[in-house]
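Visitor: Residues or ranges marked as domain 'NADH-Ubiquinone oxidoreductase (complex I) chain 5 N-terminal' in TrEMBL: A:123-153. Annotation comment: TrEMBL describes A:193-465 as domain 'NADH:quinone oxidoreductase/Mrp antiporter transmembrane'. According to TrEMBL, the transmembrane segment annotation covers A:6-21, A:33-50, A:94-110, A:198-218, A:230-249, A:261-281, A:331-352, A:385-408, A:470-492, A:513-538, A:558-582, A:634-652 (among others).
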Amino acid sequence: MPLIALLILFPLCAGLAVLSTRDIEQRENLVRWLAYGLGGATLLLALLHFRTEPEFFTLGQGLTGALDNLFMLGGIAVSLYLLYACRQIKGREWYIPVLLLVQMGLMLFVELAPEHPVVARPFYLDSFSVLMALIVGVIGGLICIHAVRYMHDYHAHGHGAQEAKTTCPERRRRSFFFMLFVFLAAMFGIVFSNHLLWLFFFWEVTTLCSFWLIAYSGTDEAVRNGFRALGINLIGGVSFAGALVWLTHGPGLHTWELDQLVAAGSALALIPAVLIAVAGLTKSAQMPFSSWLLGAMVAPTPVSALLHSSTLVKAGVFLLVKLAPVFHNTYAGLLLSLIGGLTFLVTSLIAINQRSAKLVLAYSTIANLGLIVMCVGIGTAATLWAAILLIVFHAVAKALLFLAAGTTAHLIGGRDIEDMEGLVYRRPALAAAMLIGILGMFLAPFGMLLSKYATLQAFLTVEVLPLGGVLLAVIIVFGSAPTLFFWSKWMGKLVAVPRRPQPSELPLPRDEAIALFSLAALTTLACALFPLIDWLFIHPYTGSLIGAGLIPALDGHLPWETIATMSFMLAALFLLPILFWLRPPQFQASSGYLSGANVDGSASYRGAMGAEREVASRSYFLTDFIREGMLTRVGLLGSGCLLILMMLTGAIR
Amino acid sequence: MTAHAWTLAFAFLILGPLLGALLAGLDRILTARMQSRRGPPLLQPIYDVLKLFEKDTLVVTSLQTLYLWGFLLFMAISGFILFLGGDLLLSLFALAVSGILLCLAAYATNSPYSNIGSSRELMLMMAYEPMLLIVPLGFFLVTGSFRVSDIIAGEPWQVLELGGILIGFLFILTIKLRKSPFDLSSSHHGHQELVKGLTTDFSGSDLALVEIGHWYENVILLGWLYLFFAPLGVAWALPISLILFFGEVLVDNTHARLKWAPTLRLSWWVTGLFGVTNLVLLSLFA
């Protein structure tokens, strides 16, 4: 318990400390040390509590009451602050204050209920939440370290808008790190709260932080996108609050404790679980709620990295994974899986169209979360195993990719994938980090392979509706082909030899290098040691669920030979370049083939009228073949229908 | 895993290219006969590759050789898993990695022809991957396992249950074997629009690696085809799969090259129409 309190309070105090430091250099040093401290604290937690059985903590009567009041007032304060922020809304954003008021009303209706369930054990800890804390602490910490230098350059390069510059940029800059740390504190709160009302408070704080961070630069675009994120997350908030109303005033189940909600099973808990799942879908940017994550790309890169890898979207899937036992073997669960599946398919296809590295990453995030949601909806031990592994791999690899893309953009001055041509030769270290990230995201024998393996097997043996499992498997089959296309296309650009030497003198800043190489090492380690992660954190968690009879006993686990073969392939992929580096072949160098009309090496050729012409070739984006607009509409419509169906089947049950 | 399985797997590693070369030689003779030519001797592909090793190797970047070795290695791993009786999905993933590494090798040289060739190759991969992935799924629904050894021990009539998937597989086999109408990532003839596409900037021993990789690949694909008929016993399964395999030569010689968009559309339609329908029927009646 002290550790949990420490983890929630430490980033909060850290944020306050950063806020109160005036000197820029001093502040940057402070952020570095605090980030290391945070990572260290989560590592300590993991060391003390790996393979732990679920532990619940009770607090004294007085403390619980005080915290109850504190969080209630805090929740009201958050809502009031957001209402105050709404003075900047325009035209069609009128629904945001309305949602805020509805949510506040619902919450007061819950909190001021004359008779309400008593929460005996407000905090808990199990091996899954320890794993999540590790992700939040270590990856979040590394992102903060990267941000120190990045934000320095960000302001120096004048990315921030004119408005932000005139209106006291210094205060905003100081608040930036404060908000990052508060965000992390709220994530720890979500991960360890068993008290649903407190969890909801932390949930609201993450909404607030994401709104503030997305709108950080203060440009009109950033503010609009910030409000879009706020509005969509509030839809989830209202839905969550609705679940709490049901759990307080509704017929049937009365509880404010997460573990009891999960233990109640699908017969009793399906309605609130579906409502909370809607909140989870909004946070994890599933269709039809995905647009805010794309808008969030206007934020500085470290913020994108944080939103995408370790914090906001992971909060959504974290809660969904927690609720998975309720969804097991229900139609609502199958529909949830289909929402995830549709999101996966549509966004994987759209990602092919994208030129900007950040947008490709954003769409692939949504697609990957879709895959996780697919697993959760089925809710067997094998799919939960896959979902949690996907969360881990996605967190490390995506943080790495975002930070690498951000650093690359600073060093070579271009955000498009086309600009990254020849990065392997121009910036070998950066390219290596990026390649490791891409490999970690999709290529065998890494992340996607394992999860695909487990999910395909699980889907084909699913019982709810025989057709449902095949449908999900087919979605994976068709969705993974475009994934392969856009990632390979990107790698192709990275490995292409530059036609002309393009020296770049800018050195890689130390903070960014530390963050990138740590994350690259973490990605590699996660891939190499995933059976260890499984043994330390995932197996105990699914084991305790099986022990409690919430999900069926383990079946169809990966055979050891499969894991051995995967490890062998991984080793081969790493050893081959090393061997090659040790004994490089001595071949004669030549220039690329230009029909024999080369003028300046591979770079130019003698054209039709005898003139010298530059060689240029671009990637395929298939914009005529895959129409982004149409696909988005189909996705929104389809997922919207599925969502309504899911809520209906939840209600009928 | 029995001693027999290990023997077979190692036999694939050593004799696989030889068998692949024979298949390629036979292919060339058959093609020649269809065009009323005499054709080269059976061992011509081997002579060609031996000659390639004798030649100077020119590279645009030394890293291209690294990617090509990776391509060959993962191709061999894929076949090794298959002939060991291992996991079909894993074998498929190794095959995909190998394909991606070949594309990276071509991308690395960054000449316009290689670039277009590898982009088209990736598009072809996108076209055939779904169907290729459906094959193990079909086997799983019929035999309850992704393992090759279990699939071989299946019921003799599994090929009837998997009829649609077999048709889909034969369709994408044309793409995998780089046959017309789907030979759009590289061509047999250097004077066509794409020059040699994917392999434009490979020469000497690098090109020989690509050829050996394709020999392996052809044996692997023949192995996949064999799996459909395997429970019938070797006496039936081998001739049938060989006949179907060389049926692709006829397709090759009777069709003109398609563009990428119709290829993609057509293969996904075939995958949906035959592969997915077959899966759905299996899940309904299994």
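Note: Cβ is positioned from N, Cα and C throughout, glycine not excepted.
Give me the local environment of each listed feature.
Guide: Remote same-chain partners of the domain 'NADH-Ubiquinone oxidoreductase (complex I) chain 5 N-terminal' (A:123-153), defined as residues 6 or more beyond its termini with a Cβ less than 8 Å from a stretch Cβ, comprise 1, 4, 7, 28, 31-32, 34-36, 38-39, 41-43, 45-46, 49-57, 59, 173, 176-177, 180-181, 183-184, 187-188, 191-195, 258-259, 300-302, 305-306, 309-311, 314, 318, 321-322, 388, 391-392, 395-396, 399, 403, 406-407, 410, 509-512, 514-516, 518-519, 522, 533, 536-538, 540-541, 544.
Sequence-remote contacts of a segment are chain residues at least 6 beyond its ends whose Cβ falls under 8 Å from one of its Cβ atoms, and for the transmembrane segment (A:6-21) they are 27, 30-31, 34, 37-38, 41-42, 45, 133, 137, 174-175, 177-182, 184-185, 188-189, 192.
Note on the transmembrane segment (A:198-218): residues 67, 71, 74-75, 78-79, 81-82, 85, 107, 122, 159-161, 163-164, 167, 172, 175-176, 179-180, 182-183, 185-187, 189-190, 225-227, 229-230, 233-234, 237, 240-241, 244, 258, 279, 283, 295-296, 298-300, 303, 306-307, 311-312, 315 of its chain, located 6 or more positions outside it, place their CB under 8 angstroms from a CB of the stretch.
Proximity of distant same-chain residues to the transmembrane segment (A:261-281), defined by a Cβ-Cβ separation under 8 Å and at least 6 residues beyond the stretch ends, is recorded for 196, 203, 235-237, 239-240, 242-244, 246-247, 250, 252-253, 255, 289, 316-317, 319-320, 322-323, 325-330, 332-333, 336, 339, 373, 548, 550, 643, 646-647, 650-651, 653.
Counting same-chain residues at least six beyond the ends of the transmembrane segment (A:385-408), those with a Cβ under 8 angstroms from any Cβ of the stretch are 128, 131-132, 135, 139, 142-143, 146, 150, 300-302, 304-306, 308-310, 314, 317-318, 321, 324, 357-358, 361, 364-365, 368-369, 371-372, 375-376, 415, 420, 423, 427, 430, 433-434, 436-438, 440-441, 446-448, 450-451, 454-455, 458, 508-509, 512, 515-516, 519-520, 522-523, 526-527, 530, 533-534, 537-539, 541-542, 557.
Residues 337-338, 341-342, 344-345, 348-349, 351-352, 354, 357, 360, 364, 367, 371, 374, 378, 417, 420, 435, 438, 441-443, 448, 452, 455-456, 459-460, 462, 619-620, 626 of the same chain lie 6+ residues outside the transmembrane segment (A:470-492) yet bring a C-beta within less than 8 angstroms of a C-beta in it.
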Visitor: With a Cβ cut-off under 8 Å, give me the same-chain residues at least six positions beyond the ends of the transmembrane segment (A:230-249) that come close to it.
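Guide: Tertiary neighbours of the transmembrane segment (A:230-249) are 82, 93, 95-96, 99-100, 102-103, 106-107, 109-110, 113, 116-117, 196-197, 200, 203-204, 207, 210-211, 255-256, 261, 271-273, 275-276, 278-283, 289, 291-292, 316.
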Visitor: Do any residues, 6 or more residues outside the transmembrane segment (A:331-352), come within under 8 Å Cβ-to-Cβ of it, and if so which ones?
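Guide: Sequence-distant neighbours of the transmembrane segment (A:331-352): 266, 270, 273-274, 277, 281, 286-287, 290, 320, 324, 359-360, 363-364, 366-379, 464-465, 468, 471-472, 475-476, 478-480, 482-483, 485-486, 489, 621-622, 626, 628, 631-632, 634-635, 638-639, 642-643, 645-646, 649-650, 653.
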Visitor: Helix, strand, coil: count each for the residues of the domain 'NADH-Ubiquinone oxidoreductase (complex I) chain 5 N-terminal' (A:123-153), based on DSSP.
Guide: 27 helix, 3 strand, 1 coil
Visitor: Over the domain 'NADH-Ubiquinone oxidoreductase (complex I) chain 5 N-terminal' (A:123-153), what does the predicted model average in pLDDT?
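Guide: A mean pLDDT of 87 is what the predicted model shows over the domain 'NADH-Ubiquinone oxidoreductase (complex I) chain 5 N-terminal' (A:123-153).
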